[in-house]
Amino acid sequence: MSLARIINPKIGRNVIALQNKILNQLPFILKKDSTSTVLKQNILQISLPSRFSLPLFYLFSYVYTHAHLDVLLLRVQMGKYGGGLWSLNGTLIDLHGDERRRLSGGNLIITSLERDQDSGVYQCTASNTRGTILSQRATLQFAYLESFKMQTRSAVNVREGQGVVLLCGTPLHSGELTFTWVFNEYPHFVQQDSRRFISQETGNLYIAKVEPSDVGNYTCVVNNTITKERVFSSPTPLVLRNDGAMGEYEPKIELHFPDTIPAAKGSTLKLECFALGNPVPKISWRRTSDVSFPNKVKLKNSNAILEIPSFQQEDTGTYECIAENSRGKNAARGPTPHWLQTMTDKSLSIEENLFWECKANGKPKPSYSWLKNGETLISEGRVQIENGALSISSLNLSDGGMYQCVAENKHGIIYSSAELMVLASAPSFSQNPLSRVLKARSGCDVSLDCRPHASPRAISLLCDANKLSINFRISLFPNGTLKIANVTKRDGGTYTCIAKNQFGTASTTGRLIITGKLLEPTRISQGPSSTEITVGESIVLPCQVTADPALDVAFSWAFNGQPIDFHQDADHFERVGGSFSGDLMIRNIQLNHGGKYVCLIDTDVESLSTDAILVVKGPPSPPDLVVVEEVTDSTAQLSWSPGQDNGSPITGYVIQARTPFTVGWQAVDTVPEVINGNTLTATVVGLNAWVEYEFRVLASNSVGMGEPSPPSTKIRTEDAMPDTAPTDVGGGGGTKSELVITWEPVPEELQNGEGFGYIIAFRPVGMVTWTRAVISAPSVTRYVFRNDTIPPFSPFNIKVGAFNNRGEGPFSSIATVFSAEEVPSVAPERVSAKSLSAADIEVTWELIASTPERVLGYEVVYWEDDTKPDTVGKVRITGNYTAVNVSGLQGNTQYYLAVCAFNTAGTGPQSVPVNVTTKKPPPGQPPQNVEWNLIGSQLVLQWDPVIALETESEVTGYIVSDIISLHPENALGYLIRTLSEGGLGEGSEPIHIYQLSKSFPVAVFYFVFRRH
């Protein structure tokens, strides 16, 4: 079985997940033209890390037209390596003069892909000053599916009760295939159950026990999931023999899995097992280690398929399929996925010895070879190779470089890579110098450490200014440490450590001071304690000591073994406290701040430390590998992998969905309704048919809801008959002999499939038979039926339904509308008009007493000049009214007016026009010189009279109106306007009167206007 995997461009993200996340998402767009399905893209990126565990296949659709992939970008994540060279099928690609291939930053870009020239195995060789390394191989193939050889297939003769296997005989192809079988005629597909199974590995149809109803013709249907091509085999007749039924017999496993199947971490592993037998066998599964299956394991198709999603190392082992009936049982075992033990980078000094070992398990047993900088290593001299072990004695500088262990069997090649650094340097004390001043109490023991950095190891010598002499109190150890027991003042002085190797010499010097006073021991009075904290909070980790005042105390902190750089990490870390306090403040704690914190206290005579574990709790990390596994017209089964719980167990999951018709992400209903933290699969329900969905999963814990997972691959639910009827069905109106029917269209997301349209049904009220009309345009909202026999304003029952390629959906509820009516045939009589003011005319008429047509109301038409009918205004009033006011007219102007009746069909004939002249306009001059006087509780207003012009109406009075004042609350406002038969004139300037108290009686006025 090949270890290679085929990537489907439509579900790139799913396959990426199965390849340990080494691929970027592949951005494909599928389009259809008149001749074929064409796969298009702008740029395809394939990431090939320098280290991975399985070979990869990359498969792209090849369509037999002029369409092809625009650009293929093979991208290598170089990391610490430089530019690369690319080979195809083992031959270096010559890019000179090649217009289709070019390099960009080490990436190989191929334009206008061609099947004959570009298919094959690609590999990149990357080099820098450290060495050379080979990338994993990537295979580029073009998908195709040839037709079956159209020759008559022989009949298969079986006895009733016997089991049978009908062979598909898959034609030549490249790309992932799916198989179905047609029984007798298309589209009557074979339905799988405990008795019938279609293998997606072999394509064969397995019938455990033949029954008389199985007799007929069987056709194998093969689909290429990449090219979307479908081919049909010739029919295979299944015929019952006439020599009687077959008796019962024990199960015989006809379909089983290989002995060994390698599985990539995170992939979905499917095992098939099916048995023939009479009675029909029952399939069950177990692990030979008796370890129970985790909850994520799924059994499908009457247990014929065992599916292990998100395969992990703990899932490895031997699996057993058991087929059992009343006559006995049978079993098949396998597979045992294996994992690679890899080597790690090493840094060794010159003249040291190297030993590397890599182990790989596989069936058949793999063979090993070793590469250095991409070149094959040969076992000779200092270099010895034995299977997966490499040893090099007495290293020299030329041995440094990149090494790869290669394990290979017939299923593929596996690479393990590591770097060897050979170190050669003179001694140096830059990292570990002696303390410049070291204080010690008289009578105690003192150790001076001489720890140079050198390759190879240096020889160390320690001496003081008086030339060190070794005795029972003074010891010099091979590692360079000098120990002085029961020190006295005579031991004080300057000490120098000298280190030598063949590359040079170095020294470091420190002064030892012996004090006669007994120093107080340094003690940690308060140290940090292990604690839990939530993301975003702040905390102070205490580190306080009591020490002798004569000592200098220095504090430092380390996090997970690394010193904290308070300058670089000032946004989060700050040291606080006095001379004997080195507290650490951590602000705005993030998840990456969780770990071990160590407070280091150094004095002149000793070093102390105290530590604590800080557990940072936060919302869960995003789930991963969201995969849509099964889709129906209203459901989608999802699975996912959990993210990190970030210090607090995951308590639940929420699934959200997005479609082209929703605004952002929306929560969806699921089964189970509440998804607990131990569940990694759920079924989304209540989806709309034939709609493209994306899904994402969010995890929550006691801290809160985490970030969402990356979206799943877009999937489209299956189509179905419409289940939503059009709404707001109504209509009416139109012209003579028309029946108008209207409705609100069904939204696209509720149309459930292609070929959507409407069925309009109508009948006269009281009739039984419906007349139907079909409209194939989804956006149409109106249908007009024309027939000269339709009586005007006749009631009809109507309803509107929906259909698509799958069939008819429901109809709306029945509504009643009327056919088009005829316009009124009689004009109103006794029409008169009277001017009310300069802007208003009152028009009156008599109701139409008798007409065969319906009258909904009346319409008044008016114009200024009888010779210019285009200067027309209209006023319409609904109901049995006999008068209406026409407003907004010009003053002192003659108008012609006529009245007509109207209904839904339009307006009837107009009455004989009448004419009337509007009154002169009111004076345009407002009252002037307005004065006011407050006498007791009386307000007196005075103004000059307004004299109307000859073209204006005479003043008949004045009106005083109160207005809203913009002044403070205790102010009142008034306005004075003229009154005339032409209407109200212009108002005076507003008058603002301030109240002295709230008891001011504003209702008492005296108005006086001055006469001239």
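Just so you know, glycine gets a Cβ as well, placed from its N, Cα and C.
Here is what TrEMBL says about this protein:
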- 86-141: domain 'Ig-like' (DOMAIN)
- 146-233: domain 'Ig-like' (DOMAIN)
- 251-332: domain 'Ig-like' (DOMAIN)
- 337-421: domain 'Ig-like' (DOMAIN)
- 427-515: domain 'Ig-like' (DOMAIN)
- 521-609: domain 'Ig-like' (DOMAIN)
- 619-720: domain 'Fibronectin type-III' (DOMAIN)
- 706-734: region 'Disordered' (REGION)
- 725-822: domain 'Fibronectin type-III' (DOMAIN)
- 827-921: domain 'Fibronectin type-III' (DOMAIN)
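Helix first, then strand, then coil: DSSP counts for the domain 'Ig-like' (427-515) stand at 3 helix, 46 strand, 40 coil. Two recorded stretches are said to be in contact when at least 3 C-beta pairs lie under 8 angstroms, sequence spacing 6 or more; the domain 'Ig-like' (86-141) and the domain 'Ig-like' (521-609) fall short of this definition. For the domain 'Fibronectin type-III' (619-720), the number of residues in each DSSP class (helix H, G, I; strand E, B; coil) is 0 helix, 45 strand, 57 coil. Highest Cβ pair count under 8 Å relative to the domain 'Ig-like' (427-515), across stretches 251-332, 337-421, 827-921: 337-421. Residue counts for the domain 'Ig-like' (86-141) under DSSP (helix as H, G, I; strand as E, B; rest coil) come to 4 helix, 31 strand, 21 coil. Broken down by DSSP into helix, strand and coil, the domain 'Fibronectin type-III' (725-822) contains 3 helix, 49 strand, 46 coil.
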